[in-house]
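J.: Structure incoming, see below.
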Amino acid sequence: MEDVKLGQQQLERQLENFRNIAKHRQAAKIIRWMYHFPLIISITVFISQLFNVGILFSYSRDFNKLFDLLLEYMNRTEVVSAVNADSDPYHIEGINSERLEVVDKYHEQLWSLFVSEVIELLIPVFNMSVFGWIFFTKGGLHARVKIIYIMTPALALLLSLSQACMIQISLADRIHHVRFILGKIISPLLEHNPNGSRPIEQTFDCQFWDGDENGGRNSTPSCSSVLHDEVVSLTTLDVIIFLHIIPIVVFLYVLLRNLAEGDAEHLFLYVERLEHRIEEECSPSVSSITTTTEGVSSSQTEKINEIPRPSSMDELKTVVSNLLKPRDDHSENDAEPPKQIHVVNAEKASEV
């Protein structure tokens, strides 16, 4: 009986350990999903947006310089053409003004996109600030603040996806058209006022005219290639779009990784080890019980062999109840043999 009680106490301790492990893992899972997961997404969006803001600022600044220099070049060329009394004078009004308006719209879209990128950068900054406040103060969050903290990364991802689509539609798809328009604007300017291109050449370190056509020793690049590759660069826009997609890829990876995490398998392995330990610890008590009678020992052995392999807390509780049942059966069966002995003695006495 003492061995049975000892086994029961050990079972209760193991069950309590199992409950504690389950509570700790559940608490860690809640912290991971409510705090760490939004933080990872926010940091990813912040880093991507930081690069995007820097690249787009440089891109917009160079394009702004080109637009201002072109406008100045057009005004000077109109004056020079009027002074020289060209047979076909240059005028800004008309087709040149319409072309300049197309370039100006593209220029405005660049700066609008830059402002939206800066605003989008503030969203992950808010989330990281909230997490930093929690980490240093060891305090909790109000329910509304917690909802905002969890939903903010989703908003940042939606904005990042919308920004990528906007860049592709409004900028990347129109970049070749803008290049052609720039070429049509610059060609008449070079024809009427070739010396007026020096400010553009000095600003972008290029030249429109090759002064050493035969020698081939000119190391200064052509302005047409520089303007296409650096000022109105399709590669730069592709990099910005790629940086907008990176947070979405990271979100999907972290989400699938957390969903596929095998915490349940670790718990089931712990239960199987616990079952094996229970069988080893309860084996002395079982052997002591089976020494009473052959019928009782066989029934005890069958009940012990029929113990199910626990895969959850309910099944483990069933194991405990099954192990405690033999104690009652043993007390009832122990009371039956003396009755049989009294009956046999009575029959012998009557025969005598």
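From the backbone N, Cα and C atoms, a Cβ is placed for every residue, glycine too.
Note that the structure is predicted; figures quoted are calculated from it, not measured.
OK, TrEMBL features for this one:
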TRANSMEM  33-59  transmembrane segment
TRANSMEM  110-136  transmembrane segment
TRANSMEM  148-171  transmembrane segment
TRANSMEM  239-256  transmembrane segment
REGION    285-352  region 'Disordered'
COMPBIAS  285-302  compositional bias 'Polar residues'
COMPBIAS  325-339  compositional bias 'Basic and acidic residues'
J.: Taking 33-59, 148-171, 239-256 as candidates, which has the most Cβ pairs under 8 Å with the transmembrane segment (110-136)?
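T.: Comparing 33-59, 148-171, 239-256: 33-59 has the most Cβ pairs near the transmembrane segment (110-136).
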J.: The transmembrane segment (33-59): which same-chain residues, six or more beyond its ends, come within Cβ distance under 8 Å?
T.: 110, 113-114, 117-118, 120-121, 123-125, 127-128, 131, 134, 146, 149-150, 152-153, 156-157, 160, 233, 236-237, 239-240, 243-244, 246-247, 250-251, 254-255, 258
